[in-house]
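Peer 1: After the structure tokens below, expect a handful of questions from me.
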Amino acid sequence: MGRSRKNFLSLLENDKVGIFCAFDKDYNVFRAKIHNENLFSHLGFKDIEKCVFMDQIHSHKVIIYDENLKNLSCDGLISKEKNIALCVLSADCLPLILYHESGIIAALHSGRKGSFENILKECVDQITMQNSHLDKNKFHLFILPGICAKNYEIDGEILEFAKKEFKEFVQDDKLDLKALVKFQAQNLGIENIKDCGICSFDDESFFSYRRDKTTKRFVSVVYLKD
């Protein structure tokens, strides 16, 4: 693991890629926009030239980043471009970062709906469609802070649906999104999985909608370096 401080957590940092989570302030104010500036230089990440924030819609929609994008309504972004930070806002939903050693990155907002609809598979399918000879052994999946099973109660129609379609990941009325995503990743041939192990509900350093009913969000980020 890279640097870990009171205002950010670095999961991978080398000469090719940076992956981190920033929780020093409410990043929800940057939603749904491409920012032509480095919003994370104060944390020591100096290489970033642009920061791309999705207009997250709780879907499994994934798009390929283009600097001319006008509509950022999606829950996943894919890019090969250097020094462009792909950003995921969350406060219990799972932020997923996918990195392929050939120089491809993706940032995914995998909440309950996105996980049920397997947004990770949608992302990998798009990547492999554009890059048919990729070695799947060189994919790396990072699961950043999100709600853990013991704090994720579901009920009503959602619980009934989960028990029917995802029974292995439901214990009484608790849903284990992290276990579901790991299972989906392994089915896609992704074996390099790093879970930061942080529950956003338990750790008060992180915003949690379930705990506090807040509209504030921390951000998970990935970018390729020159």
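Using N, Cα and C of the backbone, Cβ positions are placed for all residues, glycine too.
According to Swiss-Prot, the Zn(2+) binding site annotation covers His58, Cys93, His109.
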Peer 1: Can you tell me how many other Cβ atoms are located within 10 Å of the Cβ belonging to Cys93 (Zn(2+) binding site)?
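Peer 2: Total other Cβ atoms inside 10 Å, all chains included: 25.
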Peer 1: Cβ within 8 Å of the Zn(2+) site's Cβ centroid: which residues qualify beyond His58, Cys93, His109?
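Peer 2: So the extra residues in range turn out to be Gln56, Asp75, Ser90, Leu94, Ser110, Gly111, Lys113, Gly114.
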Peer 1: If H, G and I count as helix, E and B as strand, and all else as coil, what does DSSP give for Cys93 (Zn(2+) binding site)?
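Peer 2: Looking at the DSSP assignment, Cys93 (Zn(2+) binding site) belongs to neither helix nor strand, so coil.
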Peer 1: Does DSSP give His109 (Zn(2+) binding site) helix, strand or coil?
Peer 2: strand
Peer 1: Among all protein chains shown, how many Cβ atoms are found within 10 Å of the Cβ of His109 (Zn(2+) binding site), not counting that one?
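Peer 2: Summing over all protein chains shown, His109 (Zn(2+) binding site) has 25 other Cβ atoms within 10 Å.
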Peer 1: Just counting, how many other CB atoms are there within 10 A of the CB of His58 (Zn(2+) binding site)?
Peer 2: 14
